[in-house]
Amino acid sequence: MGECIEPSSVQSINRFTERSRKMITGPRIHLKGWQQAAVAVGSALGALMDPRRADLIAALGETTGKPAFERVLERMRKSPEGREVLLERPRVVSEQVSHAWDLPEGTFGAAYAKFMGSRNFSPDDRPPVRFMETEELAYVATRAREVHDFWHVLFSLPTNLIGESALKVVEFEQMLLPMCMLSVVGGSARFSEKQRTLFFRHYFPWATRAGLRCTDLMCIYYEKHFHENLEDVRRKWGIIQLPDTTAF
């Protein structure tokens, strides 16, 4: 006979499933063409003035990124692992990734847990997707947003302004999202002269090469690789880590 599942467990699963569904279907706002342009322009200006505004950067990505997300969706449909992600729709939220904190040192999951814990980050802090037209595109945009911290871990990128700008270059090479390049423009405008030289001489060329060389990062079911050795998954996915910046 099958294992009996406690009613409380079923209720917890149902509550989580409903919250997850609402994150993708509930908050969506359908915009007319001129409204979409207005949100895009307003978000771009606001993000340029304050690149720390994750909500504005998210809105900019959604209102300018539909063609890019459609291309990503098609690639995911053609990839066995990408199709599995689309079918199961995993979410990078505490209730689904907390087991990473229990994994042994040296694993991808443990490295992710250390990255998040050392910075007091929560996987639940991402703003919801609001401006994508379909449920499937909304999920792709959500997934792109939620795997961001996995990419920090894989590429050994810091979370300061120069590190975030470098990761946006990688993301652009992977997804061709206009928002990524706009974020680089906004971020680099806030660099000191020394930082700007360092970024364009070393970080930018590295990030361009790293983003082009690695596998299609949106087609990876990261959570199913948590138990694997970090260096092994880097090799498997063609990840070029950021070189030691002290040598620059």
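For all residues, glycine too, the Cβ spot is worked out from N, Cα and C.
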Further binder of Zn(2+) named by TrEMBL next to His148, Asp149, His152, taken from the candidates Glu136, Glu164: Glu164
C-beta crowding around Glu164 (Zn(2+) binding site), within 10 angstroms: 19
Number of Cβ atoms other than its own within 10 Å, given for His152 (Zn(2+) binding site): 20
